[in-house]
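A quick write-up on the structure given underneath.
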Amino acid sequence: MAYNNSVRKRKKDIQDANGFHRDQTIDKKSRATNKLEESLPTFKVFIVLFFIRLLNSLTIKTFFQADEYYQCLEPAYNFVFGSGYITWEWEEGIRSSIHPLIYALGYKMVSYVHFDDKPIILIPKVIGALIASIGEVYLYKFSKKFTKNEKLARLTLILSLLSPFNWYIITRSFSNSFEMVLTTIAFTYWPWDNVISYKDISMSCIIAFISCIVRPTNGIIWLYLGINFMIKNYKLEKQSGKLMKLILILSIELILILLVNTGLDYIFYGKTTFPLYNFVEFNVIRNLSIFYGVAPWHFYLFQGVPIILMTYLPWLLHSAIVLKKYKSLLGQVAILMIGGFSLIDHKEIRFIYPLQPIFMLMVAYSIHETKHKFQRLYKFLVPVIIILNLIIAIFFTQVHERGVIDIVQYLRNNPDIESFGFLTPCHSTPWQSHINNPNLVNKSWFLTCEPPLHLTTTSLKEIKSYRDESDQFYDNPAQFLSEHFQSFADSRNTGASNWPSRLIIFEPLENFMDDFLRGSNYFECERFFNSYFHWDDRRKGDIIVYCQI
């Protein structure tokens, strides 16, 4: 009997022990689950994101598009130092000053200190990293608010960080990148549940109004969301009074923002001008935007969206089609914006970049819904996708089109250069915002591409018949050079020359220039790798520098 009691006691002890360990395991899982459901601390997230995006920004060695410099850094540099290159857009006043003024503030800070060239190059990168990291903090907040799911919010943030297109463009000084960040912030405060909250809606619309001033086409998003919100609340009883109050508040906000913006534009331009009206007149009334290229209606479907998404594209398609997220309000916004931009003749990939927060969230939805069903496949796919994204990001930020940045560093760091000229398509490189040498302002030039501003209305036929300076050169390089420069014989006889000490070309012109310069005092002195391929045949291959003896 004593033996049986002893056995029972031992069994009970074992059961108690097993139960304790089991409860411990449950407690651990419960704590882990609770921890995963807790929101991440905003400041810590921002600090981590800022250092990631600062690394991103500081390591970019390549060129993407000219607007990164000529629609932001050059006018900002000119505002502070007086020698940035001002394109026709700023002469005509079709751009808001808000975006370049942010960078001008950075330039102004470093102007108070005696410095070398490095801070001038670095300060825009720091500002770009700051803007990007704020945007991704709000991407996390927006995803959490919209889905009410912490795991989805974190996944959306991770996808954004691992996106090769984001790594390529998000920290650059494009107004589209700034627009995307503003859109994400405004999304965060938007009442997706259609509940009237004066505080949140006011904050959302303040950011949305600024975004539309920076990029007027962003209004497509906010007109649709606003109309949708009004209709749904109008149908509810006893909401008309609240709606009228909301409309009054937002009207006052808009008027105040427009007044402040007009003041900023006056300070920046030195005169009273209305960029929003000028933008509409240039792009809509006169339709001069087609001067910069016309793309087919399906450009965004088959080029824009796939390039922005890259390796994430299958998950976006799954989310939109299989999970039917195209029916959601965010899906409707994306469809409307892509459809609206598809109707505009002039198209560029970055024009739909403000849809990136929607794309990232839809991709996260797809992964969240399929990861358990295809668990074994994901164990293989995840590292493959990460590696592919890294390869793409490294190639486009370190290799593709790095020569046009290297040549500017060469010009900046070589004190023996007295003058230089670019026989290349217009705006192929940054200018004074990177060269930072006021002594060379009047001794340097590139071929320009001013649009036909003299035309009051424009047809595609008229645009094709118009030849800007770059076109004139590439139509007949020999004739252009003969008309604009002294012959080498005349230069030797008179002892004077309007030829620069450095001539820079892209590789496709190499054979012509070698023949044209034969017998002159020029020789090839430097060559920089630029690209293996390029959408513009004139920009393929290396950058070549001819030095004058």
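Any Cβ shown, glycine's included, is placed from N, Cα and C.
All protein chains considered, the CB of Asn287 (N-linked glycosylation site) has 18 other CB atoms within 10 Å. Positions annotated as N-linked glycosylation site by Swiss-Prot: Asn287 (among others).
Per Swiss-Prot, N-linked glycosylation site is recorded for Asn442 (among others), and the stated evidence type is sequence analysis. Counting every protein chain shown, the number of other Cβ atoms lying within 10 Å of the Cβ of Asn442 (N-linked glycosylation site) is 9.
The topological domain 'Cytoplasmic' feature in Swiss-Prot is assigned to 1-39 (among others).
What Swiss-Prot records for 61-119 (among others) is topological domain 'Lumenal', and it gives sequence analysis as the kind of evidence.
Distant neighbours of the topological domain 'Cytoplasmic' (141-154): 36-40, 42, 184, 187-188, 192, 330, 357, 360-361, 364-365, 368; these residues of the same chain sit at least 6 beyond its ends, with a Cβ under 8 Å from one of its Cβ atoms. Look at Swiss-Prot and you will find 141-154 (among others) tagged as topological domain 'Cytoplasmic'.
As a summary of secondary structure, the topological domain 'Lumenal' (176-205) carries 22 helix, 0 strand, 8 coil according to DSSP. The feature topological domain 'Lumenal' is assigned by Swiss-Prot to 176-205 (among others).
Here the topological domain 'Cytoplasmic' (227-246) has, by DSSP, the following mix of helix, strand and coil residues: 15 helix, 0 strand, 5 coil. Feature annotation from Swiss-Prot assigns topological domain 'Cytoplasmic' to 227-246 (among others); the stated evidence is sequence analysis.
Panel annotation: around the topological domain 'Lumenal' (268-289), residues 75, 79, 90, 92-97, 100-101, 213, 216, 262, 344-346, 451-453, 455-458 of the same chain, lying at least six beyond its termini, place a Cβ under 8 Å from a Cβ of the stretch. The topological domain 'Lumenal' annotation in Swiss-Prot covers 268-289 (among others).
Among the features that Swiss-Prot reports, topological domain 'Cytoplasmic' is placed at 311-328 (among others). Per-class residue totals from DSSP over the topological domain 'Cytoplasmic' (311-328), listed helix then strand then coil: 15 helix, 0 strand, 3 coil.
Here the topological domain 'Cytoplasmic' (368-379) has long-range neighbours at 149, 151-152, 155, 318, 323, meaning same-chain residues at least 6 beyond its ends whose C-beta is under 8 angstroms from one of its own. Residues or ranges marked as topological domain 'Cytoplasmic' by Swiss-Prot: 368-379 (among others).
Marked as topological domain 'Lumenal' by Swiss-Prot: 401-549 (among others). Summed and averaged per residue, pLDDT over the topological domain 'Lumenal' (401-549) gives 89.
What Swiss-Prot lists as transmembrane segment is 40-60 (among others), and the listing cites sequence analysis.
Note on the transmembrane segment (120-140): residues 40, 42, 45-46, 49-50, 52-54, 56-58, 60, 73, 77, 102-103, 106-107, 109-110, 153-154, 156-157, 160-161, 170-173, 177-178, 180-181, 184-185, 187-188, 357, 360, 433-434, 436 of its chain, located 6 or more positions outside it, place their CB under 8 angstroms from a CB of the stretch. Marked as transmembrane segment by Swiss-Prot: 120-140 (among others).
As annotated by Swiss-Prot, transmembrane segment applies to 155-175 (among others). Long-range contacts of the transmembrane segment (155-175) within the same chain: residues 45, 49, 52-53, 56-57, 60, 64-65, 67-69, 71-73, 95, 99, 103, 124-125, 127-129, 131-132, 135-136, 139-140, 143, 214-215, 307-312, 350, 353, 356, 360-361, 363-364, 367-368, 385-386, 389-390, 392-393, 396-397, each at least 6 residues beyond the stretch ends and with a Cβ under 8 Å from a Cβ of the stretch.
Under the heading transmembrane segment, Swiss-Prot lists 206-226 (among others), citing sequence analysis as support.
Sequence annotations record features per position, and here Swiss-Prot assigns transmembrane segment to 247-267 (among others). Below 8 angstroms of C-beta separation, residues 93, 96-98, 101, 198, 201-202, 205-206, 209-210, 213, 273-275 of the same chain, each at least six residues beyond the ends of the transmembrane segment (247-267), sit close to that stretch.
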Chain residues outside the topological domain 'Cytoplasmic' (227-246) and at least six past its termini with a C-beta under 8 angstroms from it:
191, 194, 196, 198, 201, 329
Are there residues at least 6 beyond the ends of the topological domain 'Cytoplasmic' (311-328) whose Cβ is under 8 Å from a Cβ of it, and what are they?
159, 163-164, 305, 334-335, 359-360, 362-363, 365-367, 369-370, 385, 388-389, 392
Looking only at residues six or more beyond either end of the transmembrane segment (329-349), which have a C-beta under 8 A from one in the stretch?
65, 146, 192, 217, 220-221, 224-225, 228, 287, 289-290, 292-295, 297-301, 303-305, 307-308, 320, 355, 358-359, 361-362, 460
Looking only at the recorded stretches 40-60, 206-226, 351-367, 380-400, which one has the largest tally of CB-CB distances under 8 Å to the transmembrane segment (290-310)?
351-367
With DSSP assignments reduced to helix, strand and coil, which class does Asn442 (N-linked glycosylation site) get?
helix
In angstrom units, rounded to an integer, how far apart are the Cα atoms of Asn287 (N-linked glycosylation site) and Asn442 (N-linked glycosylation site)?
33
Relative to the transmembrane segment (40-60), which of 206-226, 351-367, 380-400 accounts for the most Cβ pairs at distances under 8 Å?
380-400
Outside the transmembrane segment (380-400), six or more residues from its ends: residues with CB under 8 Å to it:
56, 59-62, 162-164, 167-168, 310-311, 531-532
